[in-house]
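Reading through the structure tokens given below for one structure.
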Amino acid sequence: MLQVYLVRHGETQWNAQRRIQGQSDSALTEKGERQAEQVAERVKTLGITHVIASDLGRTRRTAEIIATACGVDVTLDARLRELDMGVLERRNLDTLNEEEEGWRRQLVNGTADGRIPDGESMLEMSERMHSALNACLDLPEGSRPLLVSHGMALGCLVSTILGLPAWAERRLRLRNCSISRVDHQQSPWLASGWVVETAGDISHLDAPALDELQR
Ligand SMILES: O=C(O)[C@@H](CO)OP(=O)(O)O
């Protein structure tokens, strides 16, 4: 059975300021760096063989800290990027007008093919995230990969494995540096294929970030 660990990057400057990143980027805060160290401490004895990260700066930095503790290299995979949030990237959530707030909300209100102008749909993101996850099936026997990605991207992946629609991802709270795990298995009792072992575990963090969308 292949076990794949899923980690959201540490808290960033823009997470703390409630600014939308998407495929734009901002650096980890001091707290974010500490969160990454605490994930590293937690996973370093789990036999992680590959650390694979979205190529954005915040995931790369988080992955480097984890990979160093695990004694492996980081591989980058652009399929693990956050949702492209088009014209709303870099904006503060508190400054969106009604129309802009409507664009943002349609992503999580039941329109899987809705998108922010110039952005990406949840369905498109879901397809690339599943493609990145399924690529783990081609790793050598006995591999135990850890993927470092983003809140909406990982939420969408876990939701769709559970059979929920791609737009249901915001029903899952995946805080910064939370750990989730999905396993690929053949089983006469449980569903064969990907199953969710755990989602959003933050018990290793002494300083959990606020969910940037919840105040
Ligand atoms: O892009 C963002 O601003 C947030 C949205 O949840 O994602 P992340 O911080 O996980 O990259």
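A Cβ is built for glycine as well, from the same backbone N, Cα and C atoms used for every other residue.
For His9, the entry in TrEMBL reads active site, tele-phosphohistidine intermediate. Taking a C-beta cut-off of under 8 angstroms and a sequence separation of 6 or more, His9 (active site, tele-phosphohistidine intermediate) has the following same-chain neighbours: Leu28, Gly32, Ala36, Ser54, Arg58, Thr59, Arg61, Thr62, Val148, Ser149, His150, Asn176, Cys177.
Reduced to three states, the DSSP call for Glu82 (active site, proton donor/acceptor) is coil. When other Cβ atoms within 10 Å of the Cβ of Glu82 (active site, proton donor/acceptor) are tallied across all protein chains shown, the result is 26. The feature active site, proton donor/acceptor is assigned by TrEMBL to Glu82.
TrEMBL lists 8-15, 21-22, Arg58, Arg60, 82-85, 104-105, 151-152 with the feature substrate binding site. Around the Cβ of Met85 (substrate binding site), 24 further Cβ atoms fall within 10 Å across all displayed protein chains.
His150 (site 'Transition state stabilizer') falls outside any helix or strand according to DSSP and counts as coil. Summarising the annotation, TrEMBL assigns site 'Transition state stabilizer' to His150.
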Among the recorded positions listed here (Arg8, His150), identify the one with the smallest other-Cβ count within 10 Å.
His150
Quick one: pull the CA-CA distance for Trp14 (substrate binding site) versus Glu82 (active site, proton donor/acceptor), whole Å only.
14
Rank the binding-site residues Gly22, Gly151 by the number of other Cβ atoms within 10 Å of each Cβ, and give the residue at the low end.
Gly22
List the Cα distance (Å, whole number) between Gly22 (substrate binding site) and Glu82 (active site, proton donor/acceptor).
5
Other CB atoms within 10 A, centred on Trp14 (substrate binding site):
20
I'm trying to understand the geometry here, so how far is the Cα atom of Glu11 (substrate binding site) from the Cα atom of Glu82 (active site, proton donor/acceptor), in Å to the nearest whole number?
14
